[in-house]
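Asks: Below is one structure. I have some questions about it.
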Amino acid sequence: MTHVAVITAAAGVSDTLAADIATQLSDAGAVILSERRLGAAGYEIAFDGATPALTAAEADVNILPAANREKRMLIADMDSTMIPVECIDELADFAGLKAEVSDITERAMRGELDFEAALRERVGLLKGLPRAALEQCYAERISLNPGAELLVRTMNARGAVTALVSGGFTFFTSRVAERVGFAINRANTLLFDGDVLSGAVGDPILGREAKLESLNALSAEGGFGQADVIAVGDGANDLAMVEVAGIGVAYHAKPALKAAATATLDHSDLTALLFLQGIAEADFVA
């Protein structure tokens, strides 16, 4: 079976590094079939034979089957994936509770706490926070991770379904989805009492299983299967969708998610998801 070793790094992939990975493959008994530079930050080597563990300092090396690499749907987490922060932690800062709330968030993302219970607890702590604080939080605290727009716009241009599915809140996902270009966004709904948060979140809670259900429902609507999906996330809440996707990506992720993922990205930006699919930088859509 033919595989592809995809080398990615936000700082760039040198010819020397690519040659070193090719040597590691050859030394393990693999037969190299072809090599291709995908862009300054991406390089791929197609090969037959053994699929050894490959190592590279300050770069990500992921081995994927050569067949069916380009996917028909992107499903992505938002917090700490498409954006660099956890929205609920930033909201808590406006209430003077960031340390307390972020500790709960961290434990939930590591899989140490029940997600639904942890979400309700954190939202309860935000009771009374004015709507204006949410607007200010979005305006001042929410930026995009590098490569987010290129990833989504390129997949849209190639006819893929793009979905932002978050355990966070529609207040933020709707804005981020519009900004980046996601066709679909799903998340939890913060409830208000007038112009302040009520301390409650709408039912049903969108958590780990709901993300998987979204993947299955959206792929069924599109007439394709799980193998035609690339999913990306960072925490335990993303495990179910990442585990079943054709390419499941752990992006600067917690250990539990890395263990379940097809590909792990620690040194790359989000455009690496395009390189993983064999899409070259020359074909990116800005």
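Cβ atoms are placed via backbone N, Cα and C, with glycine included.
Sharing the features that TrEMBL gives for it:
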type     : residues : note
ACT_SITE : D77      : active site, nucleophile
ACT_SITE : D79      : active site, proton donor
Asks: Other than its own, how many Cβ atoms are within 10 Å of the Cβ belonging to D79 (active site, proton donor)?
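Replies: The answer is 28.
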Asks: Specify the count of other C-beta atoms within 10 Å of the C-beta of the residue listed as 'active site, nucleophile'.
Replies: 26
Asks: Look up D77 (active site, nucleophile) in the DSSP assignment and report helix, strand or coil.
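Replies: Coil, per DSSP.
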